[in-house]
Amino acid sequence: MKFVDEATIEVIAGKGGNGVASFRREKFIPKGGPDGGDGGRGGSIYAVADRNINTLIDFRYARLHRAKNGENGRGSDQYGAAAPDITLRVPVGTVVHDADTGEVLFDLDRHDQKVTLAAGGAGGMGNIHFKSSTNRAPRQWTPGKEGEQRRLRMELKVLADVGLLGLPNAGKSTLISRISNARPKIADYPFTTLHPNLGVVRTSPSRSFVVADIPGLIEGASEGAGLGHLFLRHLARTRVLLHLVDISSPDPEADPIEQAVVDANAIVEELRRYDPELAAKPRWLVLNKLDMVPDAQDAQQRFCAEFGWTGPVFAISGLNGEGTQDLIWALQDYLDAEKRKDQDAQDQADGTYVFEDPRFDASRGGAAPATPPGGDE
């Protein structure tokens, strides 16, 4: 299925049905009074996040979504039927913008999350509501309200814990196929990857994380060159970025480290130009194609010194898997720690956080703390 991560649609909710002016007509009851019913509610349009969908392709070709109008009220105090609602199923991670103002309306980041894109109009009132002590036979009724109408731009940002960043042919697809269940197309020419790929990395039956691989960036990507800038938004939700750098060179006369430093600086600069917030995310350096370097340790030290890198660095070979296990476990431990921090912060905000007793010593096997001097015995 074709990957589509952006679509513009128009949603038109249904109009509410009109109320009606009607009077009770029954034998031997000459003055039956008003019995006009209310109009039915117009159909609303909802969006529901579905984890079984991974593309917005359905909305690329079906741009107009119009709900039906509610039925008009009837005599004998009969209300008009409400119109059926329309539910649009979208991928988890879809962000809905107002197409005219650019305002972010909804961010559907949980499975089964439901939001109202356009609310149906309320039904009008029948003349039964206007009866009073001074107006026993009212002829007033109200029309139904118009439903909401919007032009919306839907943008998909995939949900991943780790994002892969690098030039074309840096080995991103090879790495994700090595450490996860993803099977992207791999070839020895640039721009083999044409759309984001997601892979689940399992470190144990109960521990896993998701990796996102996007098309490679090239110099000038922030100004529209290449394909990578089209998909950088998919890295916005990640917790850490893996900056893959190819430290090998097909040219035996060229210095691969010097070229790798130039390439790495180009990626960092394009990231800063595109989105400073994305550039500020935690970033780990991954030196790839270790199997093609004579002295891997010397290459790593030289690169870090010339690149001015002091953060986490891993030297791997995506082809034979060397060094990938250390990378996987380091990522899992980091992500688990970040999730614990988020959970503690949420618990503190909710008032449910349990602070540790400073008198408790885990090394004593959970024994109760001694009674302080002067305490009750």
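Just so you know, glycine gets a Cβ as well, placed from its N, Cα and C.
Worth saying up front: this structure is predicted, and the values here are computed from it rather than measured.
In this structure, Lys172 (GTP binding site) is part of a helix by DSSP. Annotation source Swiss-Prot lists GTP binding site at 166-173, 191-195, 213-216, 288-291, 317-319, citing sequence analysis.
The local packing around Ser173 (Mg(2+) binding site), expressed as other Cβ atoms within 10 Å of its Cβ over all shown chains, amounts to 24. Taken from Swiss-Prot, the feature Mg(2+) binding site applies to Ser173, Thr193.
Under the heading domain 'Obg', Swiss-Prot lists 1-159.
If you look up Swiss-Prot, you'll see 160-336 marked as domain 'OBG-type G', on the strength of sequence analysis.
With a cut-off of 8 Å between Cβ atoms, the residues of this chain six or more beyond the region 'Disordered' (127-148) that come close are 11-23, 31, 33-39, 42-44, 67, 69-70, 72-73, 77, 118-121. According to Swiss-Prot, the feature region 'Disordered' maps to 127-148 (among others).
Summarising the annotation, Swiss-Prot assigns region 'Disordered' to 339-377 (among others).
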Review point. Among the binding-site residues listed here, Asn169, Ser317, whose Cβ has the fewest other Cβ atoms inside 10 Å?
Key: Asn169
Exercise for review: For the region 'Disordered' (127-148), jot down how many residues DSSP puts in helix, in strand and in coil.
Suggested key: 4 helix, 0 strand, 18 coil
Practice item. Just name the winner among Lys172, Lys289 (the binding-site residues) by count of other CB atoms within 10 A of its CB. Key: Lys172
Exercise for review: Could you check which of these binding-site residues, Pro215, Lys289, Ser317, sit within 10 Å of Ser173 (Mg(2+) binding site), going Cα to Cα?
Suggested key: Pro215
Review point. Within 10 angstroms of the C-beta of Gly166 (GTP binding site), what count of other C-beta atoms is obtained when all protein chains are considered?
Key: 25
